[in-house]
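Notes to accompany the following structure.
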Ligand code: NAD
């Protein structure tokens, strides 16, 4: 895997560990990328199709996300081969075995990711005392319940008003993916006087140019229903792309905006809640049209900021304060840099992240 050093550069990875314990049925991979700013934080992803390559990429993405968020943490990631839907007892055994194998990787703090949740983090913590995203009873902050990422996204959008002609007061917002990120982003934006004109989930979409009742949508979904069955809803989930709105918020899946469909968007701002929701071609088309795009790894950092506060012993209130402070400062820094340099915000955010990583490396014994 490392024979061509494709994934190795001066910034990392610091450690790459393959774990293979056939007797335990354990196959996993851990990449600790750059740890100049502090121990790495990154999710444990469980799935049947996970790969080492994915792990390298996600670890580097976490280095940049943590750096642009201004956290004292580097980036890391781990992948564990297995069906996340396996019987609970079997999953517990496997995750505990993974934790024990990662015991000595002290510069890696394990967090939840696809296929793992707070119960899994409790098992990891029980074995090695090093995990974030824990259940509240173990000092965890329920980030999806409090809406950490949605709150951070709403904060970033608030700051972005200074850099475009969209005003939150009366802004029409459309949210693709009314889940943990999307519903809370909508809730916090409506508190700032925006109007939710459309929302979608994997089943359908509901739209109303006069504004939707966010709490009624949240209650409807909490009752096990989906948006297609909400009064006025339809099964046309992708019609969210055509909605007349000022701010479009992807909060569902990767690659939903492509060069083929990006022309349908009418918004003047796209605030990326989901990870990599747009292909590079789609993002560049938006930039050329003058649409302000808030890039995922800078705008959706609320969750990892919350995890960092949890790791350092903070509570919910401190987490929200920290998210607001960091997203305000960092969004302003990124958008100002983009304006000054005439680059897309994603490039500006990457340059800032890289500069911060280099600055931290210069303060450490490196090279
Ligand atoms: P979630 O499962 O709670 O919600 C996802 C929502 O998207 C669901 O309502 C689902 O029905 C909907 N959806 C799925 N496919 C869709 C489609 N094609 N069209 C419309 N809706 C669709 O997940 P989440 O935690 O809200 O995460 C959403 C995205 O944000 C993911 O890309 C995730 O990686 C990213 N993210 C989440 C966090 C976090 O704190 N939860 C942090 C950073 C990034």
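Glycine residues also receive a Cβ, built from the backbone N, Cα and C atoms like all the rest.
If you take the C-beta of residue 65 (substrate binding site) and look for same-chain residues 6 or more apart in sequence within under 8 angstroms, you find 75, 297, 298, 301, 304, 353. Per TrEMBL, substrate binding site is recorded for 65.
For residue 77 (active site, proton donor), the same-chain residues that are 6 or more apart in sequence and have a Cβ closer than 8 Å to its Cβ are 30, 31, 33, 42, 43, 45, 55, 58, 59, 62, 113. If you look up TrEMBL, you'll see 77 marked as active site, proton donor.
Residues or ranges marked as site 'Important for catalysis' in TrEMBL: 113. Residue 113 (site 'Important for catalysis') falls within neither a helix nor a strand when secondary structure is assigned with DSSP, and so counts as coil.
Sequence-distant contacts (6 or more apart, same chain, Cβ under 8 Å) of residue 149 (NAD(+) binding site) comprise 143, 180, 181, 184, 185, 273, 300, 301, 302, 303. The NAD(+) binding site feature in TrEMBL is assigned to 149.
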Item to complete: Please go through the recorded positions 65, 113, 149 one by one and keep those whose C-beta falls under 6 A from any atom of ligand 1; give the result in sequence order.
Response: 149
Fill in: Number of Cβ atoms other than its own within 10 Å, given for residue 113 (site 'Important for catalysis')
21
